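**Student:** Here's a structure for you.
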């Protein structure tokens, strides 16, 4: 009973259990890789959108306090100042980062906090001037605006004091006015001449103020308007677009790695025809010797005997025409494992330069050589003039 073989059903169940466990581990691993890939793509998409938003969107609003200063070394009454109040404002964050972005229109305003004192009420209109400068203190833009306190009658001031008397007593309200002076409705930064600061001057020696602030607000249009007024919608669309684009890239990369590519590479075969220049040269020599007219075509001059077709001298009459040397026979036989060479052109176009040189040499040599009557005779015929080759010293 103990040594009985296991039931086939149990063996099948064990095998199926192992197979299912392996498949479960494989599926779990694939799910983990897929989940990590999705998280990575999502993080990269958010990072790309955040980088684009940070680099594309300028500073929406910039508020800088304005501290006026004036001269005090003159002899004047207590109600008058020695000079106009002047302030120098730096348009940079921390002295390094610029506030203004190139090509972006800005609305520049000056906020003045003035008390409703009899001096300010009797002041009337006064002038506010701003001068923007670049590196080196060179003025690049100037603007001036006139301003005055809002008029309120004595009866209205009395009623206002009675209504807000409790708040005025406990310090929750003050009798002051906040004037907003628009200096530039649309100020654009020049990329070649950047603005580094501004000088603000109030043309009044009797003015009294609590404080002043320079506000720079960006006026957005186009894509920046959408990014500023609909930030959540634009963020969702931007992250979704980046995620889709990255997912398509990863999907195509996976298909290229697994299936070998959607568009398989086509193998390009390049056939190179190798020409035997030595053989073509000998063929050209054979054709030149065959075209020589008269008895000159029966034998060649001694000067061309080393380069004739059959490779032997014509002084030996036993030489047979058409017999090739062992070297030419070896060259004519095709090499083992290589394709036969393509037949050359009948006109010897493969090496036309060599053909031209050999033709001139053969014609010159054949024209100067004597024409014997027979091939085997060594004596010249009657009436023929024997010529000797003359070597020029040149």
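Just so it is clear, glycine is given a Cβ too, placed from its N, Cα and C backbone atoms.
Since the structure is predicted, the reported quantities are computational estimates derived from the model, not experimental observations.
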**Student:** Which range, 28-48, 49-69, does Swiss-Prot list as transmembrane segment?
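**Tutor:** The listed stretch tagged transmembrane segment in Swiss-Prot is 28-48.
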**Student:** If I go by Swiss-Prot, the feature transmembrane segment sits on one of 180-200, 201-221, 222-242, 243-263. Which?
**Tutor:** 243-263
**Student:** Hey, what's the Cβ neighbour count for residue 289 (phosphoserine) at 10 Å?
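**Tutor:** Residue 289 (phosphoserine): 19 neighbouring Cβ atoms within 10 Å.
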**Student:** Please list residues from the chain of residue 88 (N-linked glycosylation site) whose Cβ is under 8 angstroms from its Cβ, counting only those at least six apart in sequence.
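**Tutor:** Looking at Cβ-Cβ distances below 8 Å from residue 88 (N-linked glycosylation site), excluding near sequence neighbours, one finds 197, 198, 199.
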**Student:** For residue 242 (N-linked glycosylation site), which residues in the same chain are close in space, meaning a Cβ under 8 Å from its Cβ, but six or more apart along the sequence?
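**Tutor:** Looking at Cβ-Cβ distances below 8 Å from residue 242 (N-linked glycosylation site), excluding near sequence neighbours, one finds 44, 45, 48, 49.
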